[in-house]
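Relevant sequence annotations retrieved from TrEMBL are reproduced here:
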- 1-373: domain 'Amino acid transporter transmembrane' (DOMAIN)
- 20-41: transmembrane segment (TRANSMEM)
- 74-93: transmembrane segment (TRANSMEM)
- 113-130: transmembrane segment (TRANSMEM)
- 142-164: transmembrane segment (TRANSMEM)
- 176-196: transmembrane segment (TRANSMEM)
- 208-230: transmembrane segment (TRANSMEM)
- 250-279: transmembrane segment (TRANSMEM)
- 291-310: transmembrane segment (TRANSMEM)
- 316-337: transmembrane segment (TRANSMEM)
- 357-377: transmembrane segment (TRANSMEM)
Amino acid sequence: GIFVLGLPYALLHSGYSGLFLIIVAAVLCCYTGKILIACLYEENEDGQLIRVRDTYEDIANACCKKLFPRLGGIVVNVTQMMELIMTCILYLVVSGNLLSHSFPSIPVTEKTWSVIAFVTLLPCVFIKTLKIVSKLSQLCSLVHFIIILVVMTYCLTQTHRWSWAKFRLSIEFEDFLVSVGVIIFSYTSQVFLPTLEGNMKNPEEFRCMLNWTHFFACVLKSAFALSTFLTWGEETKEVVTDNLPSFLQALVNLCLLTKALLSYPLPFFAATEIAFACISRGNHPHYRSPLFALSVRGSLLLLTLLMAVFVPHFALLMGLTGSVTGAAMTFLLPSLFHLKLKWKKLTFLEKCADISVFILGFLCSLAGIFCSIKGLLEIFG
């Protein structure tokens, strides 16, 4: 995702430990993805694994069914919706920013550019199946690889500037926390995994798929972050494409804009599916009406635009929200649910692993909240 473009900046503030974090984050996110999917299954009388749950919400309800049957599902749905809507808004904000930088001669504000980008996303209200989203996501991945290829090719032409002396040995705690957030959340995908696994032709290959995707993501991110940081060193900017010479920057910005717009449908589709699931549970009489479905999608689409345009300091607010929802969905809840549902069948080492991941997620969440609130206080203070 777009977080990858912030990895070189994360290395600037984390030094050698940043490279180690890229590997550790891949291992942890791969692990929590596996244990989350494991919570969808139970053994039958013959010892065979049967998928008895379909969604993240079902897992949460199963964990809370004795005391509060619906509470777990409500918490998960609210958390998922917040994260997905925030992600959609981020893509609109990024699109406005990229358009304003790509066409600086046109006297139009970033917010107006965000509205223009929003117009191109209006067809999202007609997306009904994951197949369409998957096609758009494939195009998004292709554009992403083009961006990585262009940046890395340029960096390889600058190898004469490379020096390992650019890596920092001493790091500041707050800067390190920011780096941890960028690196960890560049891997997060747990929100989509239950739906993804449920739509696979061969679900038994899920674990293998997760291993390989995280392995290749780790290799690609490490190579990208390392080559770009060695090229620009202390001059590395928050979004590394801003370091490129002007003739390449315009091309990459347009690719990034395309990527942002193609990335939007996936979280938007996931958010609408959650909304429809909640509405259908209440036996809404108009749920199956095409006009009603269109109005729900349209309302969510409009909500993302209004927040992108009218909410001040959205980036910091998103950081605060992401620190809670991102850490919860990626580390806290998968490990907690796995311990709750599989406690009797887990080995001692597996229990220790889940508890360690839970503690790590809690600390990451606290650190992110601390940094985001401090940033907000500095602005409003």
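Cβ from N, Cα, C; glycine included.
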For the transmembrane segment (74-93) and the transmembrane segment (208-230), does the number of C-beta pairs under 8 Å, pairs 6 or more apart in sequence, reach 3 or more?
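Contact criterion not met.
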Out of 142-164, 176-196, 208-230, 250-279, 357-377, which stretch touches the transmembrane segment (20-41) the most, going by CB pairs under 8 Å?
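Ranked by Cβ pairs under 8 Å, first place goes to 176-196.
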Under 8 Å, at least three CB pairs between the transmembrane segment (250-279) and the transmembrane segment (113-130) (pairs 6 or more apart)?
yes
Counting only pairs 6 or more apart in sequence, are there at least 3 Cβ pairs under 8 Å between the transmembrane segment (113-130) and the transmembrane segment (357-377)?
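No, since the transmembrane segment (113-130) and the transmembrane segment (357-377) share fewer than 3 Cβ pairs closer than 8 Å, they do not count as touching.
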Output the single range from 208-230, 291-310, 357-377 maximising the number of Cβ pairs under 8 Å to the transmembrane segment (176-196).
357-377
Below 8 angstroms Cβ to Cβ, which residues of this chain, lying six or more residues outside the transmembrane segment (291-310), approach it?
85, 88-89, 92-93, 96, 111, 114-115, 118, 121-122, 124-128, 268, 271-272, 275-276, 279, 284
